[in-house]
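Take a look at the structure set out below.
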Amino acid sequence: MSAPVVAAPGRNRGWRRAVRGGWPTRLVLLAATLLVLVPFAWMVSISFTPEEQAFSSVSLLPAQPTAVNYGSAVTDANLGRAMLNSLVVTVVPVLTNCVAAVAAGYAFALLPFRGSTALFYLLLSTAAIPGSVTLIPLFLMAKGFPLAGGNDLAGYGGTGLLDSLPGLMLPHLVMTMNIFLARQYFTTANPDLAEAARVDGAGELRIFTAIYLPLSRPIVAVIAIFTFTGVWDDFLWPLVITQSPQVQTVQLALAQFLATGTVRYGTLMAGAVLATVPVLVIFLLNQRHFVSGLADGSVKG
């Protein structure tokens, strides 16, 4: 009969130290998680609380839950139309950024040409320019857009892209940071795949579409989530460029609840919950690709 196997004492002590050493990290992560979840839970709680009881008690579970606030948020601020506008304004930049950023990132990383490094850093430097600096030039560009809003070919005579959905998309069609992330991601790719394909006679377009594009799904998810969140949450540009309620975005619709003399917090929180749902859905659907793509695209280089 064989003797029982006893683990070495030193190995047990090392395992216990590893477990004990992980507790500070777990506590920090738990505190950070609570810091994010508690305000969100409080927002959801107030959204189901009657207006007269919104701040009468401190509890995450409403005593008399009601969905009236959600109906008021949709009807009073035209939130349904605003969310549809935001969805249209967001989806188009997501598509253009995924295409342009992935193509440009691939070219900068795997198709070096004379001056490509200088051009890349020049492009990257534009990300350091504050948005308030480019606000007026973008406004003038939208107003003078040729053959739009009654403008002639020279961009005069009408309003251009002002107070329109295409005008809301204009500043977000291509984002510098997305190109940076795509370029950093492709620097981790194996260049031998392209060399082998060239030996077999494949052109650059086929190498990109058949080999590297299928491998870029993680960074595409990162770009899609970053772009969707940035455009969906944008407030300043829609505030500057829009006037009519028909083209207002969800952020402007929520701001209407604060423009009145009396703030209805239950209705405001209900609108905020509805505005948060699309972002959460997009993140949850792409969570696996988002984590891997963000790690590969930000650590390298």
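Cβ coordinates come from backbone N, Cα and C, glycine included.
Annotation comment: TrEMBL describes 27-48 (among others) as transmembrane segment.
Residues annotated as domain 'ABC transmembrane type-1' in TrEMBL: 83-286.
Taken from TrEMBL, the feature transmembrane segment applies to 87-111 (among others).
Among the features that TrEMBL reports, transmembrane segment is placed at 118-140 (among others).
Here TrEMBL flags 168-186 (among others) as transmembrane segment.
Look at TrEMBL and you will find 207-232 (among others) tagged as transmembrane segment.
As annotated by TrEMBL, transmembrane segment applies to 265-285 (among others).
Spatially, the transmembrane segment (265-285) is not adjacent to the transmembrane segment (168-186); fewer than three Cβ-Cβ distances between them are under 8 Å for residues at least 6 apart in sequence. For the transmembrane segment (207-232), the list of distant contacts is 86, 89-90, 93-94, 97-98, 101-103, 105-106, 110, 169, 172, 175, 177-178, 181-182, 185-186, 189, 193-194, 197-198, 250, 275, 278-279, 282-283, 286, 289-290, 292-294, 296-297: same-chain residues at least six beyond its ends, Cβ to Cβ under 8 Å.
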